[in-house]
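As recorded in TrEMBL:
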type: COMPBIAS; residues: 401-415; note: compositional bias 'Polar residues'
type: DISULFID; residues: CYS4-CYS31; note: disulfide bond
type: DISULFID; residues: CYS256-CYS268; note: disulfide bond
type: DISULFID; residues: CYS263-CYS281; note: disulfide bond
type: DISULFID; residues: CYS275-CYS290; note: disulfide bond
type: DOMAIN; residues: 4-118; note: domain 'CUB'
type: DOMAIN; residues: 136-251; note: domain 'CUB'
type: REGION; residues: 392-431; note: region 'Disordered'
type: TRANSMEM; residues: 309-327; note: transmembrane segment
Amino acid sequence: PTQCDNWVRTSNGGHFASPNYPNMYPPNQECIYILEASPRQRIELTFDEPYYIEPSFECRFDHLEVRDGPFGFSPLINRYCGLKSPALIRSTGRFMWIKFTSDEELEGKGFQAKYSFIPDPDFTYLGGILNPIPDCQFELSGADGIVRSSQVEQEGKTKPGQAVDCIWTIKATPNAKIYMRFLDYQMEHSNECKRNFVAVYDGSSSIENLKAKFCSTVANDVMLQTGTGVVRMWADEGSRLSRFRMLFTSFVDPPCSGNTYFCHSNMCINNSLVCNGIQNCAYPWDENHCREKKRSGLFEQITKTHGTIIGITSGVVLVLLIISILVQVKQPRKKVMACKTAFNKTGFQEVFDPPHYELFSLRDKEISADLADLSEELENYQKMRRPSTASRCIHDHHCGSQASNTKQSRTNLSSVELPFRNDFAQPQPMK
């Protein structure tokens, strides 16, 4: 590594060379250079003379490898070797990854390269460069906290339609490291890293300390080895809908002391973070078996606005419930009172207890009384008819046979029993 330190950086670019340049480079060397331009800029790379790298088929031995991006897996621009220096090389973004490799045989003079930063043509219009990016920096510290992109708009760091280039600097508690976990992540124009990305640095914002860069649809957890973390978000004018929320947690390595909690993942967090409703460990050990505390933490997170909305809604529901109860209680009473007032006992008795039963009993009593009167009248009539018959037979000239016949018939009349016919038959029951 000491032989690869011939790298000079300036604000507008810089230059670097192979070890011992312009003398022969040593065998078994590997030097990596990661160039980073400012946002809205690109990189141009040129090579000076003399230039010599061991020639080989497809540059399989000694070679210079250049990639369009900040990683060793970024798109390959080309591999260079031989006697002729490469032509001008330009990046499509603000990063360029370069690696020089030499084997154990056939060394050469090597190379010297110069690079400069030029405006990115994607951000130019009307022949000029866009306005400078406004200052957008935030600082956070403590046992835990949340880094959120919505803070940029809330504090008015950028105007609508402008690009976003903001930095969050995070300070852990003394002698602690930082663990980061994404709670929300959405990138517009995913996989176009030059237009839209979230980068995490470990220790400082220099390119050498780049820990991870996210520009696709997925963002992973990040475990830093220092107590300082830097989060940088870049989104151009067409990617303003990009957003993220990241939870950071300060932790120390085991063994855990008395005021820390062991996370079962080589982490010891502060006891105040246990059962606070937020997963601070890499695995949710700190939120298991504490439902009651989780509920209290949830209510503590409710804002005043949410509390007001919940209170108003609960009041409306309570009023509607009381009105419903009153209607249900009062409405049946009105119906019962109306039914009692309109109830006709006589009509009800006529339907279920027909009056002919009552009439029949009355008629039987009247018939008995009439029969008794009729008997009495018949006896009186017979008594009156007997003397009248005898007197008529004495004075009547035809009193002989006719009288006897008449007397017999009249006498028989007295002995004739009048048949009783009950015409008042019992009526048929009502169906």
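Numbering starts at 1 and runs along the chain as displayed.
Glycine is treated like the rest: Cβ placed from N, Cα and C.
Curation does not apply to TrEMBL; its annotations are automatic.
In this structure the C-alpha atoms belonging to CYS268 (disulfide bond) and CYS31 (disulfide bond) are separated by 37 Å. Across the disulfide-bonded residues listed here (CYS4, CYS268), the residue whose Cβ sits among the most other Cβ atoms within 10 Å is CYS268. Checking each of the disulfide-bonded residues CYS256, CYS275, CYS281, CYS290 against CYS31 (disulfide bond) by C-alpha distance, the shortest gap belongs to CYS281. Sorting each residue of the domain 'CUB' (136-251) by its DSSP state yields 11 helix, 59 strand, 46 coil. Applying DSSP to the domain 'CUB' (4-118) sorts its residues as follows: 4 helix, 55 strand, 56 coil.
Restricting the average to the domain 'CUB' (4-118) gives a pLDDT of 87.
Over all protein chains present, the Cβ of CYS31 (disulfide bond) has 21 other Cβ atoms lying within 10 Å.
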